Amino acid sequence: MMFPFRRISKVSLVLARKLLMTTPKPLPTLNEDRQSELVNNLSHWALGNGLTMYPTNFELHNTGYAPVTLFPTPFPRKQFEKALAVQEDFNELYAQVVKNQEWLGPILEDLSQFDKDFTGKLWETYKEAKTIGIVQPVSLGLFRSDYMVDTLSASSFDGVNGKIKQIEFNTVSVSFGGLSPKVAQLHRYLNENGNYHNEGKLHFEDDELPNSESTASLANGLAKAAAYYNSTESTDSSVVLVVVQDNERNVFDQRALEFDLLKRHKVRSIRLRMEDISASTDIDEKTKRVRLRATGEEVSVIYYRSAYAPSDFSNLQNWQTRLDLEVTKAIKCPSVLTQLSGCKKVQQILSTKEAIQQFLPTKNDQELSTLCDTFVKLYPLDNSELGKRAKKLAFEKPEQFVLKPQREGGGNNIYKENIVPFLQSLDEKDWQGYILMELIRPPASKNKIIREGRIYEEDIISELGVFGTLLFNEDSGKILSNEVSGWLLRSKFSSSNEGGVAAGFGCVDSVYLF
């Protein structure tokens, strides 16, 4: 018997494909009493477990819990796993970029002309260090690669809700590795405690709420660097020097790593501002070893939780201190050159398969394509053909782009309609100090943010950061240790462009995988 053939309409086909796309379960809807109980339990857990930050009006003895979401935020499981899977390759890529100083040097030399106050001075510091003599080729990178899910890359054909696209690769003073596990633990506690359900039931399954191991993993990276130094310099014990900013609001995030370093690895840390280092340390002229003046302890690792912005170099002495430390035996985290490799200009040049293939020649085509699949279009603003095209796009379609300088720390980017008047305010030759980046269009999620006791209810967008630790030789490119080191989720109002938590733009969050 012949069955009649039924024609499938295009509309039916589209609907069938959309069914393949997974959708997250709705977040809890709580009555007023249950939400009040949730906030109360959230506050107690956060303060009791160190999910804390100084308030915006910094007061030493007035702490509160960090800005945080009430609920974990949906994130596609496959894209989450992909972000973790590519981290070691990105670590290796930047190790090889730093090694290839013949390639990196001219880029930084050109770039230094357009950002003389910071990038230019960092580059001059590196060149002067080379002239004096860099005696420690081994560098430690505590990196973070940041992503958003791009809805424009969603595909109903294969059930993809959107693909992760890289925002930036951070090489200096990456933050929130100490608080990220606590946020995930907080949301897991609230779920298991029944606070996400009006009847006290579980709302999320156990495997939907992963935990980040970033605190332990980043501390492991510091411990490995200290152990390498101790073994190669025949030192029984040493300390990690943490270079910090004055009145640091995010001190508890930093301290979490230091506490773990001491508890599990018996490695002590000492915190000093850049301004205090010359008076608190001695550098042996012959051996270039650094010792603490007060105790005589030797410094094995210099860990920068500052030095990423011009404000960290408010006087010439701070620049001299950075130079003095760069030519010591201590392992730098990061070295000046590794820090400079994270410039946006380098990210822009590395955004093609041909560019990264020269640094990762042993990777197969599929591995290279997976890395490249995380890139959006990035353009120079120079006089090359690509640069001329970018200038045209910036003026004709500014709503599709973000303009980025070579700066870290939040609040530095120029978005959409602000691009044209900003460029018009500059001499065109200075445009080369910026890159033009295609905007990522993340999905908006329903959630609530609690900041300094106030609850804000507005759609949010989220940014996933994946941490990596890399111990490597800058001269040879030899990798001594390369690991994925946990993750971080930050969220902000969908109406906000910037997303720095410490800068006041967003909050810390955790993922609900779907």
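Cβ atoms are placed via backbone N, Cα and C, with glycine included.
Source: prediction; values computed, not measured.
Taking a C-beta cut-off of under 8 Å and a sequence gap of six or more, Arg144 (ATP binding site) has these contacts in its own chain: Phe169, Asn170, Val174, Gly177, Gly465, Val466, Phe467, Gly468, Leu488. For Arg144, Glu168, Lys344, 404-413, Tyr415, 437-440, Glu463, Lys492, Glu498, the entry in TrEMBL reads ATP binding site.
Taken from TrEMBL, the feature Mg(2+) binding site covers Glu168, Asn170, Glu408.
What TrEMBL lists as substrate binding site is 172-175, 248-250, Gln254, 305-308, Arg490, 501-502.
Within the model, the domain 'Glutathione synthase substrate-binding' (239-341) shows a mean pLDDT value of 97, rounded to a whole number. The feature domain 'Glutathione synthase substrate-binding' is assigned by TrEMBL to 239-341.
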Within 10 angstroms of the C-beta of Glu438 (ATP binding site), what count of other C-beta atoms is obtained when all protein chains are considered? 18
Between Arg305 (substrate binding site) and Glu408 (Mg(2+) binding site), find the distance joining the two CA atoms and give it rounded to the nearest Å. 12
Among the binding-site residues Glu168, Val172, Glu248, Glu408, which ones place their C-alpha within 10 angstroms of the C-alpha of Glu463 (ATP binding site)? none
Should any of the binding-site residues Glu408, Asn413, Glu438 have a Cα within 10 Å of the Cα of Val172 (substrate binding site), which are they? Glu408
Compare the Cα of Lys404 (ATP binding site) against each of the binding-site residues Glu168, Glu248, Asn250, Ala307, Arg490 and report the nearest. Glu168
Just going by other Cβ atoms within 10 Å, which of the binding-site residues Arg305, Arg407, Arg490 has the emptiest spot? Arg407
Starting from the Cβ centroid of Glu168, Asn170, Glu408, which together make up the recorded Mg(2+) site, report each further residue of the same chain whose Cβ lies within 8 Å of that point, ordered by sequence. Arg144, Asp146, Phe169, Thr171, Val172, Val174, Gly342
Glu168 (Mg(2+) binding site) sits from Arg490 (substrate binding site) (Cα to Cα, rounded, in Å) at a distance of 14
